[in-house]
Every structure is written in C-alpha cells, then in structure tokens.
C-alpha cells in the first residue's frame with residue numbers, strides 16, 4: 001500500500017512543481033496548495049498506513065487495543081494543515097494585492113525590487 | 001611587572017584604545033587643549049617601554065600577556081626584544097608629539113575629538129603589531145592598522161579624492177594583510193609554533209621546508225603592500241589626502257614601516273636564502289629609484305615627502321635583504337633616523353600649509369622671517385635627511401654605505417643605487433626645507449606667521465632628537481640601535497657607531513659624492529622636475545590608473561555576475577530551486593545505489609482505488625483547466641479526495657480538518673479569483689512546457705522514490721509507542737492524536753495558533769492598507785472596491 005501511495009505522492013509533487021514553475025500567480029498558488037497536500041501525505045505515508053482503525057484508546061483499556069493507525073504523523077499533519085492553510089490564505093491576499101498594485105499577474109513582470117535595465121553599480125568612489 | 005595580575009605591557013598596548021574612548025569627551029570639555037592631557041597617555045607608554053632599554057640592550061627578551069583562546073593556541077601575548085622596544089618607543093614617542101601637533105592642527109575643527117580618537121586607535125594597533133608575539137594576535141593588530149589608516153585617510157570624507165585614497169589604501173594593504181594571514185598560517189603549520197619568539201628561534205625549519213617559497217611570497221606580499229614597495233607604492237602618495245598629522249605619523253614614521261618591521265622580524269628565519277637576497281634588494285632598489293625620481297618631480301611639499309618616504313622604505317627593504325650584518329645595521333640606523341626626520345619634515349609641511357594656506361613650492365618663499373622656528377625645524381630635519389653631520393642621518397648613511405660597499409658580489413650595483421637614491425633624497429629634502437623659507441617673500445593665501453606652540457613642539461623635538469642621537473651615539477648606539485640590529489640579524493651586535501668617522505674610507509668618499517650630486521640636483525631641480533614630468537607623460541600609465549581600471553573591472557564583473565544570478569525573473573529562481581531539489585533527491589540515491597527496490601502491486605480495495613483515482617483526476621483537471629472556475633473546483637475535488645484518504649486510513653481528525661480547510665480554501669479562492677481578471681490558460685511556450693515538465697517529473701520521481709525507499713526499511717515505532725503507552729496513563733486522554741496536540745506538544749500548538757493569528761493580522765493589514773495608486777503607469781488597478789474577503793478563521797479548522 002505504501003508503494004502505491006508513494007507513486008501517488010510523486011505524482012502530486014510533480015503536478016505541484018509544474019504549477020509552481022508557471023508565470024501566473026494563480027497557478028503558482030494552486031501549486032502551493034497542492035504541495036501542502038503532497039507533503040502531508042508524505043508524512044502520513046512515512047509513518048506507515050493502517051486501515052480504518054483510528055488511534056483511540058477504548059474506554060475499557062489504558063493502552064490501544066490491537067493495531068491502530070500511527071498517531072504521531074497525524075498530530076504533525078494536523079499542525080501542518082492549519083499552518084499551510086494560513087500560509088496559503090496570506091499568499092492569496094498578497095497575490096491579490098500585488099495584482100492590484102502592479103497590474104499584472106505575470107511573476108516575471110514584477111520588477112519592483114529588481115527593475116529591468118537596472119543601472120550598473122556606481123563606478124565612482 | 002604586573003598590575004592586578006595584568007602585565008604592564010598589556011596595559012600599555014591597550015591604553016591608547018582607552019584614550020580613544022575618552023578623546024571625544026575630552027575635546028568637548030577642553031577644546032584643542034585636550035591634546036595636552038591626552039598626550040600624557042602615549043608619554044606614559046613611552047616611559048613604560050623605555051624601562052626595558054637597559055635589560056634589552058644586554059640581550060634579554062620578555063614575553064608578557066595571557067592566554068586568549070587557548071583551545072586554538074591564540075594568546076594575547078607580547079614579545080619585547082631590541083627590535084620591538086625601539087619600534088614601540090618610536091610609535092609611542094612620535095605618537096605623543098603627533099597628538100600635541102594634531103591638537104594645534106585641527107584646532108576648531110568640528111570633528112577634532114573623532115580625529116584624535118582615530119589616532120589613538122591607530123597608536124594602539126601599531127603598538128600591538130610591533131610588540132605582538134602571537135602570530136594571530138599580531139595579524140589582528142596588523143589589519144587594525146589598515147582599518148584605522150582607512151579611517152584617517154578618509155577623515156575628510158566629503159571629498160571624493162579622500163574617499164578614493166582611503167579605499168585604495170584599504171584595498172592594497174588589506175589585501176596584502178590577507179596574504180600575510182596565509183603566510184602566517186603556513187608558518188604555524190610548518191613550525192608548529194604560534195609565538196613569534198618561538199618562530200624566530202626555530203632556526204632552519206622554515207628555510208628547509210617545502211613551503212618556503214609560498215611562505216616567502218605571502219609574507220612579502222603583506223610586507224610590500226604595507227610598506228608601499230613598487231609596484232604597490234601608489235597608495236602612499238594618495239594617502240596624503242589625509243590631514244598632515246596622519247601623514248607624519250602613519251604614512252612616514254610608523255605604519256608604513258610595519259612591512260619593514262615584519263621583514264626584519266622574520267629575517268633570522270626567512271632570510272639568508274638566495275630568493276630573499278634577490279627579491280628584497282630588487283624590489284627595494286627599484287622602489288628607491290622610482291620613489292626618489294617621482295619625488296623630485298613633485299611641487300607639492302607633502303607629495304614630495306611622500307615619494308621620498310616610498311624611496312626610504314625601498315632603501316630599508318633593500319638593506320634588509322642585502323644579506324650582511326652591516327647592511328642590516330645600516331637599515332636599523334636609517335629606519336630610526338627616518339622616523340625622526342621625516343616625521344619632523346611632514347609636520348613642517350603641515351605647519352607651512354596651516355599658516356600660509358598653501359603647500360605649493362611655486363607659491364612659497366621667504367618664510368624664514370615669518371616662521372623662524374619652523375625654519376629651524378626644517379633645516380635640522382633636512383640636514384639629517386640629507387645625511388649631513390652632525391645628525392643621525394649621517395651616521396646611518398655611513399653605516400649603510402659600509403654595508404653595501406663590502407657586500408660580496410653585488411656591491412657595485414647596490415652601492416650605485418643607494419648613492420643615486422640618497423643624492424636625490426638630499427635634493428628633495430633641501431627643496432622642502434629651503435625653498436619655502438629662502439628667497440623673496442611671496443604672497444600666500446593666508447598671511448604667514450609662526451604657528452602655535454602645540455604645532456612646533458613636535459617637529460622641534462624630533463629634529464633635536466636626530467641631533468642628540470648622533471651626538472650621543474655613544475649611548476644610543478649600544479642601547480637602542482645595536483640591540484635592534486642584533487634582533488634583526490639574529491646575532492648580537494655591539495652598536496659601536498661614531499659621529500666622526502673612525503677612518504677615512506669608501507663610505508666617506510661615497511658620502512661626498514652623494515652630497516655633491518644631491519646639491520647639483522637641488523640646484524637644477526626645476527629642470528629635473530620638467531624632465532621627469534615629460535618622461536611620466538610619455539609613459540602615460542601608472543599603477544594608480546591601473547587601480548582605477550582594476551576597481552572598474554571588479555564593479556563591472558560584479559554587475560554582470562549579479563545580472564546572471566539575479567536576473568529579476570521569478571521563473572528562473574523557481575527553476576533553480578526545483579532543479580536543485582530534484583538533484584539533491586536523485587543524485588545521492590543513484591550515486592550510492594540506495595533507491596527503492598521494485599514494489600509489488602499494492603493491495604488496495606476497490607473503493608480505495610476509486611478515491612486514489614479521484615485525487616489523480618482532480619489534479620489532472622487542475623492542470624488542464626481552461627477557466628478559473630474549473631481550476632478551483634478541481635482543486636476542491638483533489639482536496640476532498642485527500643480528506644477521504646485520511647478517513648479510510650484511520651485519521652478522522654485529519655479528515656475533518658482537511659474538509660474544513662479545503663472548503664475554506666475553495667471559497668476564498670473563488671472570492672478572490674472573481675475579482676482578478678486572469679486568464680486561466682497556461683500560456684507558456686512549448687519549449688518551456690517541456691523543460692518544466694522534465695523538472696517537475698524529476699522532482700516527483702525524487703520524492704516518490706525517497707518515500708518508497710523509506711517505507712521499505714523497518715519502521716522505528718518507539719516514539720509512537722511512547723505516546724500510545726502514556727496517552728491515557730499520564731495525560732488522561734483517549735484520543736492519542738488530540739492528546740499529543742494539546743498535551744505532549746502543547747507548546748507547539750500554541751506556536752501554531754500564534755502563526756495563524758499573525759497571518760490573520762497580516763492579511764487584515766494587507767487588505768486595510770488601501771492602495772496608494774498603481775505603481776505601474778498606464779496600468780490602473782483593476783480590482784474593484786475591496787471587502788475583507790479572505791479574513792480567515794482558521795482556528796475552527798484545528
């Protein structure tokens with residue numbers, strides 16, 4: 001099962017990288033959103049898969065009974081999902097405001113920090 | 001000798017740094033008279049080192065200080081022998097006079113406190129160089145002198161010429177300093193010794209080492225740049241942009257001698273080889289001739305003196321490398337004499353400049369009536385510089401001629417060079433000392449008058465010292481000069497010199513020739529100057545222009561390089577990042593053959609296949625979407641499918657969170673996207689599509705293969721087992737994931753919530769700060785009136 005997940009995750013990574021290499025801000029954002037899922041699934045799979053049994057201790061026991069899913073990656077991912085979401089929301093607004101200010105969604109055209117044809121550094125002393 | 005466990009020598013070296021701290025406040029309180037108070041510090045330092053004279057002249061040496069970084073063998077130690085003590089006396093003694101002089105010279109200057117502060121910083125650094133024992137400590141002081149020199153040359157930083165000269169000096173001497181560091185590190189690695197005293201006692205170890213040549217090259221680079229040897233001499237005349245106290249102190253008497261000091265210091269272990277005895281006289285001799293020839297070409301007092309300093313340094317290097325004890329004695333005597341007369345002459349030049357408003361020889365004349373004390377200082381110093389009796393310069397010249405005359409093999413050549421150089425130096429000295437004072441009084445920018453006592457006490461003292469040292473050579477020879485020459489030569493030297501030559505021999509005849517030739521050049525100096533100017537014009541290029549070309553080349557290269565690595569195109573940065581990521585994943589895996597083994601067909605159930613297919617379909621739809629709505633909805637499909645995967649594999653909490661987050665993402669994305677006039681079509685050119693696909697697929701394979709390889713090794717479940725075992729027992733919770741989040745890793749969760757909160761605030765700020773107009777002309781913002789569309793409440797998600 002893990003191998004199957006690995007193939008799927010490789011595919012998701014490839015798709016997100018391809019989207020992020022685009023020039024359009026929106027595609028980059030879509031790529032980042034997908035990248036978050038890819039990373040989460042990577043962590044999830046690296047902790048090994050277990051069908052259907054959540055890591056919950058029955059009322060009658062002090063420790064889990066039988067095999068359960070691995071709780072540790074789940075805790076990590078839970079944090080990661082929330083953080084990546086807030087990151088995504090921030091980037092989205094940032095992209096939106098950038099578009100408003102610069103009038104373009106082409107990342108290559110955003111040259112405020114590194115203007116085109118920037119003058120050479122000063123030659124004097 | 002120690003105070004509270006700290007050796008006095010350590011205190012003496014650090015005292016100028018303390019004075020540097022106090023100087024600005026002192027100047028604020030006492031105005032320019034603060035110099036009188038501040039000069040006490042170097043005077044005390046002078047007295048401290050003077051106490052060593054007796055013991056050192058008997059061949060004793062002292063090491064003081066303490067361990068600094070013992071783990072690396074770096075110690076804050078100081079080594080005192082004849083060489084170090086005389087140098088320390090020169091630095092602190094002339095330093096005292098320079099501080100006084102600077103008090104008068106910079107009187108009323110708004111930044112006088114800062115100026116004195118820099119001077120003290122330099123003084124401390126220079127004391128550290130000449131007394132430093134640990135090679136690393138000495139290197140640090142060495143570089144500090146370069147930095148303080150930079151600060152002082154560029155003191156008048158509003159003028160371009162000052163800034164250029166300061167930078168030039170820093171680049172040349174700082175660059176040489178780096179070479180010196182390499183040399184020192186090689187010396188440490190060859191000898192295994194870090195203290196100067198041990199290194200110079202190491203005998204033939206360095207000479208016989210295979211690293212001798214690289215060590216020699218690196219040390220010479222450091223010494224030649226610092227001591228302005230041809231072809232690195234050009235920074236020193238430019239350094240005359242500094243206020244005159246700096247020229248007198250750093251750029252004639254002390255700092256530029258650091259290179260000579262280094263050569264003298266290492267002479268016992270690096271010298272006496274054919275390379276040493278070829279390279280040093282060669283560069284020194286050329287520097288001597290070039291320096292003197294350029295000196296007589298100048299018409300500015302300070303420039304003239306600067307070039308004679310270059311020449312004198314050349315002479316010193318030549319004598320140090322001549323390879324005979326007498327030549328070294330000559331070098332030591334000349335070094336001492338030079339510090340006295342050149343310091344005095346620079347201060348005279350500064351006095352003339354200060355009181356008349358010009359330093360141009362053509363505009364000065366007849367000042368002897370208006371400035372009698374200055375004239376006296378000038379004459380006394382110039383006679384010493386010209387090598388005339390009864391001054392120390394005369395004795396120095398006699399000894400150095402004796403040294404070059406008796407050399408085996410190359411004596412004719414070196415003697416000829418020395419005589420030519422000395423004759424031209426005499427001409428330059430007389431031009432500086434007599435031209436402005438004799439003849440008819442001229443009209444100067446300021447009406448000429450004698451300078452204040454603060455300004456003439458320095459040159460007068462130095463000039464009189466030059467006389468006293470010669471008259472009292474019976475004491476100064478064996479006490480100061482002999483021990484120093486002994487330390488340089490590596491064998492004891494008596495220091496038995498005479499003002500009246502003991503016998504009439506070659507040196508005396510050579511002196512007569514020198515004086516005659518010098519007087520002739522002085523008589524014809526205008527013609528010589530015109531001739532030299534013509535020659536220089538014919539050559540047209542010099543290292544000074546070369547420096548400009550070099551700097552321009554560096555700046556152009558930096559510009560071109562930056563244009564390549566920072567082209568300003570986001571796509572190129574992203575490409576680079578992901579190429580590196582893919583390479584980092586794949587290359588080690590392939591190189592070490594640690595890739596995953598071939599997996600078997602996974603045993604997914606029917607509905608699991610369906611959900612996996614849903615993820616793939618969602619992503620393909622995102623990739624292929626032609627309108628933004630399809631892209632957003634497809635993104636949602638992919639996200640929900642992942643949520644279902646979590647559900648199927650025992651992670652209901654994740655599943656729930658993922659559902660919430662995906663819903664919110666889709667809603668927010670839809671809200672923002674409807675406000676943006678974007679083409680959802682991916683309009684990359686075909687070639688880009690292919691290269692991006694290759695990068696993306698390589699990255700995907702990298703991550704997939706890595707994960708597959710990881711899951712094929714046995715799982716270490718210790719940490720998970722810990723949580724499973726303790727969740728209920730210790731933390732009293734049955735849902736282990738929740739217990740980890742809120743209990744075991746509660747602080748992490750607090751951090752996570754903080755991140756979300758800060759992000760929310762940042763989003764709010766971004767939206768609230770209204771656009772101050774479009775920054776791209778002709779491209780007005782297209783977004784409609786804004787509402788805070790994407791103010792998230794992601795807390796609900798966790």
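Note: Cβ is positioned from N, Cα and C throughout, glycine not excepted.
Source: prediction; values computed, not measured.
Per TrEMBL, these features apply:
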{"type": "TRANSMEM", "residues": "B:6-27", "note": "transmembrane segment"}
{"type": "DOMAIN", "residues": "B:72-115", "note": "domain 'NADH-Ubiquinone oxidoreductase (complex I) chain 5 N-terminal'"}
{"type": "TRANSMEM", "residues": "B:115-133", "note": "transmembrane segment"}
{"type": "DOMAIN", "residues": "B:133-407", "note": "domain 'NADH:quinone oxidoreductase/Mrp antiporter transmembrane'"}
{"type": "TRANSMEM", "residues": "B:170-189", "note": "transmembrane segment"}
{"type": "TRANSMEM", "residues": "B:209-225", "note": "transmembrane segment"}
{"type": "TRANSMEM", "residues": "B:276-296", "note": "transmembrane segment"}
{"type": "TRANSMEM", "residues": "B:373-393", "note": "transmembrane segment"}
{"type": "TRANSMEM", "residues": "B:453-475", "note": "transmembrane segment"}
{"type": "TRANSMEM", "residues": "B:504-523", "note": "transmembrane segment"}
{"type": "DOMAIN", "residues": "B:613-676", "note": "domain 'MrpA C-terminal/MbhD'"}
{"type": "TRANSMEM", "residues": "B:629-649", "note": "transmembrane segment"}
{"type": "TRANSMEM", "residues": "B:655-678", "note": "transmembrane segment"}
{"type": "TRANSMEM", "residues": "B:690-710", "note": "transmembrane segment"}
{"type": "DOMAIN", "residues": "B:692-768", "note": "domain 'MrpA C-terminal/MbhE'"}
{"type": "TRANSMEM", "residues": "B:749-767", "note": "transmembrane segment"}
{"type": "REGION", "residues": "B:774-798", "note": "region 'Disordered'"}
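Recorded stretches compared: B:6-27, B:373-393, B:453-475, B:655-678; the one with the most Cβ pairs under 8 Å to the transmembrane segment (B:115-133) is B:6-27. The list of residues near the transmembrane segment (B:209-225) in space but at least 6 beyond its ends in sequence, with Cβ under 8 angstroms from a Cβ of it, reads 142, 172-173, 175-177, 179-180, 182-183, 186-187, 189-190, 232, 258-260, 262-263, 266, 270, 273, 275-276, 279-280, 283, 317.
If you look at the transmembrane segment (B:655-678) against the transmembrane segment (B:690-710), you find fewer than three C-beta pairs under 8 angstroms, all six or more positions apart, and that falls short of contact. Only residues 6 or more beyond the boundaries of the transmembrane segment (B:629-649), in the same chain, are considered here, and those with a CB under 8 A from a CB of the stretch are 607-608, 611-612, 614-615, 617-619, 621-622, 655, 658-659, 661-663, 665-666, 669-670, 673, 680. DSSP labels the residues of the domain 'MrpA C-terminal/MbhD' (B:613-676) in these numbers: 57 helix, 0 strand, 7 coil.
Beyond the transmembrane segment (B:373-393), the same-chain residues lying 6 or more positions past its ends with a Cβ under 8 Å from any Cβ of the stretch are 308, 333-334, 336-338, 340-342, 344-345, 347-348, 351-352, 355, 367, 422, 425-426, 429-430, 432-434, 436-437, 450-451, 456, 459-460, 462-464, 466-467, 469-471, 473, 476, 499-500, 511, 514-515, 518. For the transmembrane segment (B:170-189), same-chain residues at least 6 beyond its ends with a Cβ under 8 Å from one of its own Cβ atoms are 135-136, 138-139, 142-143, 145-147, 149-150, 199, 206, 211, 214-215, 217-219, 221-226, 232, 234-235, 262, 547, 551.
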